[in-house]
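What TrEMBL lists as transmembrane segment is 12-33, 45-64, 100-121, 127-147, 159-178, 198-220, 232-256, 276-301, 322-340, 346-369.
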Amino acid sequence: MFVINATTKKVSWGLAFSIGSIWFGSHVGGGFASGNQAWNFYGQYGTVGIIVSVLAMVLVGFAGREMLIAAKLYKSNSYRDWAVEAYKPIQTVGSIFFELQVWCLFILASSGAVAGCAAMLETYGVPYIVGVLITGASLVFITIFGGEVYRIAQAYMTVVLLICLTIVYVVVLVPGMENYSTNAADLAANSDASLWDAIWSGLQYVGFQIFGFVNMMSIAKDWKKRDMTAGTVLGFIMNAVMLAISIVCLICWAPVAGGTTIPILTVLQSLDGMGWVTIVYSVALFLAFVSTAAGAVFATVARVSPLKPIRKMKGSETGKNAMIAIAFIVITMLVSLVGLDAIVSIGYAYVGVTAVISIVGWAVFVLIARNRKGVKARIAAGEDF
């Protein structure tokens, strides 16, 4: 699926890791760190859910890579620029529909992350609204200083998250693995869901997780294709492995975790002597939610800041970016008040249906052929693409 040519051109592995980290960061919060999406879209289906989750990450990576290559070909400065070119010859309708979906995805991702952070902080006695404000302030700080700062911040947060979540998953799996077979069998026996239900759930998940690559459209124009490929491979490994492990954890503790707002935290709180692990997990979860929302905020700033009314405003670029970020976060904070469960089970499901067809489907069935032709032309012209 992915080919890395390491014989003639060297891959910039630092950049590749950053690309994988941005994808990981957009996924980790609601996806598997909390366990909410992992349970609702996969865990409830038992073992088959694990298999479907890995295949879903393959599809996200495959489509996402094509979207990044297209962004480089089009020299896109925002996802709006990308859509106008990518959806030709139906760009008038296609780009508008694309942007509507992106706004929905970004608001859902950010509000879900804010709601998740607030719910987690609430378990420590922090009022929900205060947790929302703390999260919002963190997002503004990370996203207003431009693409390079955002990319580096995501890379560092990914390293911390991988370490912390690995510790948490090991602690949860060691006493729980003996329950896996029994719980998986019970889930299968007591469920009316078919294989198609599990596959359809996975496709919905693909639809809203593709937004991780939308986040990168404004900065992909300066990357090399080989770095995008390597970054996608690294991102697939990180996302697929961590998502699958989180689902295994949830199945092992299904009677405790199933149906809760933050399942992994619920499991930890049910175990004796896990105070220090719970603290590690809480730090990781906060970073995970912030990481997920940061991508949406950054992409929104990149989309809105070039608009004429914003350019005409007085003040520094950082100040204008902060204003855009704050306005967007206020909207997401209001949406977050409906709670994480509603955002995941209702909002994501509906947007995922349209996005998997109009964004992922378009990338797979239309952009692949166009990209090959465009890349070949650039290389023939002597460009190190």
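The backbone N, Cα and C atoms fix where each Cβ goes, and this holds for glycine too.
Nobody curates TrEMBL annotations by hand; they come from automatic prediction.
Quick caveat, the model's predicted, so the values are computed rather than measured.
Take the transmembrane segment (12-33) and the stretches 100-121, 198-220, 232-256, 276-301, 346-369: counting Cβ pairs under 8 Å, 232-256 has the most. Proximity of the transmembrane segment (100-121) to the transmembrane segment (346-369) is established through 3 or more Cβ-Cβ distances under 8 Å for residue pairs spaced 6 or more apart.
Looking at 159-178, 232-256, 322-340, 346-369, the range that has the most CB pairs within less than 8 A of the transmembrane segment (198-220) turns out to be 346-369. When each of the listed stretches 45-64, 159-178, 276-301, 322-340 is scored by C-beta pairs under 8 angstroms to the transmembrane segment (232-256), 45-64 comes out highest. The stretch with the most CB contacts under 8 Å to the transmembrane segment (276-301), chosen from 45-64, 159-178, 322-340, 346-369, is 159-178.
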